[in-house]
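In what follows, a single structure is set out as structure tokens and then discussed.
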Amino acid sequence: MTERCDLLITNVHAATMDPSLPGAYGAIEDAAVAVTGNRIVWIGPRRELPETAADQIVDGEGQWLTPGLIDCHTHLVYGGHRAGEFARRLGGESYEDLARAGGGILSTVRSTRAASAADLYRSAEPRLKALIREGVTTVEIKSGYGLDLDTELKQLRVARRLAQHHPVNVTTTCLAAHALPPEYDGRADDYIALVCDEILPAVAKEQLADAVDMFCENIAFSVEQCQRVIDAAHRLDLPVKVHAEQLASTGATRMAARASALSVDHIEYITDEDVAAMAESGTAAVLLPGAFYTLKETRVPPVDKLRAAGVPMAISTDLNPGTCPIASLRLMMNMSCNLFGLTPAEALAGVTRAAARALGICCSRGVLRAGLRADMVLWPMESPDQLAYELGALQPADVFFGGRHVTAG
Ligand SMILES: [Zn+2]
């Protein structure tokens, strides 16, 4: 470290989430963190801090510092809402029934196509701000409610623009293969051709997506159709992610693993062979307990097997108007413990280190370590176990975004 840094935080405990440090949180008690520019340049026990001058010194008052939280799977740019469908599901209709009757995703497609970019921005902003208030500093946002070239581009441009006006990193994912648009009814292969030959190349040309996603499920697209989307993404040098095995076992996870996918998401119905394939390919699991809860599912993802195989387990909101209209990543941490059996430390890893893996950004974010981006949250708590345990009252005291102090509690 040089003798001078921009920001020095002392008198904190750091839950670094660095797996090379001992303990589930990689904790450093009585730590100091030095930042220059937007990077951490030194972190360790305060007593080992080299002599250094700092432009700004923050006294952490014995609170805990964590990496900025990462919500790695959201659909937060959309038109309208589906509260009416919520009521119908409470009356006994299933998600599949509603989807087959033209509701579900397709009702949001109609609203999103009808909305202007300004409308989409205005309705998405409060959702993004709710996440930011909870200490989220990186959000992935998917398209997939356009299902035509213009609307897919519109959604992705809005996602990019949200990042320009808020203290948050946004990664974008093109999910044009989310559902079959009504004008292609009975012609799924033709729609996949549109996705591969027109939508993805246009998205790539404008550099609007960091990855490509697809919904591989009996009510969406087959493994063969998704393989065509993967091939098209790879021709454009874009990594892939897959909504896989949420409602049934389909083989989607093994397809994703063969394609070295960044993540497979949902995965309630994966098999032992699928887990082995993920471990082999380094593909992360993204667990979405909010969708599981909303759909009143009973089959949980095989957390014990994923843990035993060393598959990184990310946790995300899946924030979307149908199956998880809940803009709270902290609630998802709590649900991942109560519904899926994760430990509080695994829940925090799921929204930091593992979420960074699921987005392919673990070289820059998700852990507090010298050289990585200084996205950090200071929490007024005595133990990092409180993050998954305590909701509502426990809020960030301070957030540092790229080393810049952006909120004070
Ligand atoms: Zn999703």
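Each Cβ is built from the backbone N, Cα and C atoms, and glycine gets one as well.
For the N-formimidoyl-L-glutamate site, TrEMBL lists ASN320, GLY322; matching the candidates TYR145, TYR184, TYR191 against that entry yields TYR145. Across the binding-site residues listed here (HIS75, HIS178, HIS243), the residue whose Cβ sits among the most other Cβ atoms within 10 Å is HIS243. HIS243 (Fe(3+) binding site) and TYR145 (4-imidazolone-5-propanoate binding site) have their C-alpha atoms 15 Å apart, to the nearest angstrom. Long-range Cβ neighbours of GLN246 (4-imidazolone-5-propanoate binding site) (same chain, at least 6 residues apart, Cβ-Cβ under 8 Å): GLU217, HIS266, ILE267, GLU268, TYR269, ALA291. Counting neighbouring Cβ atoms within 10 Å of each of the binding-site residues (HIS73, ARG82), the lowest count belongs to ARG82.
Around ASN320 (N-formimidoyl-L-glutamate binding site), the same-chain residues at least 6 positions away in sequence with a Cβ under 8 Å from its Cβ are THR74, HIS75, LEU76, TYR78, THR108, ALA291.
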